[in-house]
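Going by Swiss-Prot, these are the annotated features:
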- GLY108, THR109, ASN110, GLY111, LYS112, THR113, THR114: ATP binding site (BINDING)
- ARG383, ASP407, ASN408, PRO409, ARG410, GLY458, GLU462: meso-2,6-diaminopimelate binding site (BINDING)
- LYS217: N6-carboxylysine (MOD_RES)
- 407-410: motif 'Meso-diaminopimelate recognition motif' (MOTIF)
Amino acid sequence: MKLNELMQAIPVFTGEASETIEISHIAQDSRKVKPGTLFICIDGELVDGHQFASRAVELGAVAIIAEKQLDVSIPVIYVRDSKRAMAMLADYFYGSPTQALKLVGITGTNGKTTVSHLVEQIVRENGEQTGLIGTMYRKIGDQILETKNTTPDSLTLQETFRDMLLSGVSTAVMEVSSHALVQGRVYGSDYDVAVFMNLSQDHLDYHHTMEEYANAKSLLFAQLGNSYHTSNPKIAVLNADDEESVRMQKATAAHVITFGIKQQADFKANNIRITSHGSTFDLRTPIGNFTLKIKMIGNFSVYNVLAAIATSFALHIPMEKAIKTVESIPGVKGRFELVHAGQEFPVIVDYAHTPDGLLNVLETIAEFAEKRVFVVVGCGGDRDKGKRPQMAKIAVDYATNPIFTSDNPRSENPRAIIEDMIQGVPYSDSYVVHENRRDAIRFAVNEAEAGDVILIAGKGHEDYQVIGDEVIDFDDRVEARIAIEKKLGLA
């Protein structure tokens, strides 16, 4: 593609977009530059891409997008916002793939991963080829690809959408993080349905205030645009029980569908019954009433199912198909996942890493726990420190046997993180501390008896632990199974 054609994606810029320069590749990482590359300088949180412009030229870049003045031997085009420009250029370069896809974006503090998997499976069961982008992986049809972020950078994102189209995908479902929205990674993506789950404290190390965090989430709904007079109107699916849904609704001109348990909603659950094996509830919808029996446990699971069914309705999938699918799904890896190895007590691994997420899971466990509740919990390093005492307080208030441990300490001292947690529970001596996460899991398993419940919280599906600059193999589910087998004399 000629540079002058590609630059049609950007309405205002400074510099000459030559009609003779051929662009075969776009990169923001100088290590990925090859002959024919348009190199985009991003001034990021850790690294300023402008510092690598000369290196990009050496590697074969033929033009550069920048915000700051550069002294290089190839054409430089200057823009106000390189991140936004990169997203728009990526969309244009890869043929605006989301205009040919049905695209669903799901945002919120908790529930994104589960809802995205539920919606993807519902659409797949309806006979469509699907794509999925989220915390655990990217999926194109049956192909699984690794992912580093919940929402990839805009270049990777648009390339993935292009690959989905080439593979016959018709509907893509993706998690949309607040970081991605603020950083402009999803600019240029044409969403058909946007879903808001909830908002509670998380990522304040980045957003600083809950107001900024909420505003970040609302960007997804502002991006839906105004489609009242089109044959395929955009739809916002909102949690009626979360007060921030008002903000999301104000941010969009799209149609709104609501779901909830407490407030009036288009998709409302009544008569919820929770057991250790699943949940049942009556569902009221715009097209009739239904009774559901799902294999997932807890009110938070009911919210996730409501969101998935409301989204399926927005995608014109038959209600019976959506209900049958969600009733057949046992859950998502690392989300209230049971570890069975012959023990007499349930061991649950869950990704709960926010105060609200931990509270939801512990409240659910309280519905069926017969005796003691053990919770193994830590907090991530180099992340929102404000939630550490809150996590500890919830663990102490809602579990009989809290065990404070390491999560992903990253560059911080694990003991210092635990000390931050303990600041939230000066009134309690019910907790114990095992800094080593493996030791904490083994302690819980060895102490537990029939009728008790163990929750291992915070890491869920993750199969690694980040300690300093080292990433080590570590999976809560594997560690729990090993501990159980040792206790039972099976290992």
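Backbone N, Cα and C define each Cβ position, glycine as well.
Summarised as a single figure, the pLDDT of the motif 'Meso-diaminopimelate recognition motif' (407-410) averages 96. Between the candidate binding-site residues, ASP407, GLU462, the densest Cβ environment within 10 Å is the one around ASP407. Across the structure, ARG383 (meso-2,6-diaminopimelate binding site) and LYS217 (N6-carboxylysine) are spaced 19 Å apart at their Cα atoms. A Cβ within 8 Å of the Cβ centre of GLY108, THR109, ASN110, GLY111, LYS112, THR113, THR114, the residues given for ATP, is found for these other residues of the same chain: ILE106, VAL115, GLU175, MET197, ASN198, ASN304.
When each of the recorded positions LYS217, ARG383, ARG410 is scored by how many other Cβ atoms sit within 10 Å of its Cβ, ARG410 comes out lowest. Report note: the meso-2,6-diaminopimelate site is defined by ARG383, ASP407, ASN408, PRO409, ARG410, GLY458, GLU462, and the residues of the same chain whose CB lies within 8 Å of the CB centroid of those residues, excluding them, are HIS353, GLY378, CYS379, GLY380, GLY381, SER406, LYS459, GLN465, VAL466. Long-range Cβ proximity for GLY108 (ATP binding site), meaning a same-chain Cβ under 8 A and a gap of 6 or more residues, is found for VAL195, PHE196, MET197, ASN198, LEU199, LYS217, ASN239. Across ARG383, ASP407, ASN408, PRO409, ARG410, GLY458, GLU462, which the record gives as binding meso-2,6-diaminopimelate, the greatest C-alpha separation is 17 Å. Neighbour list (GLY111 (ATP binding site), Cβ cut-off 8 Å, at least 6 residues apart, same chain): MET197, ASN198, PHE300, TYR303, ASN304, ALA307.
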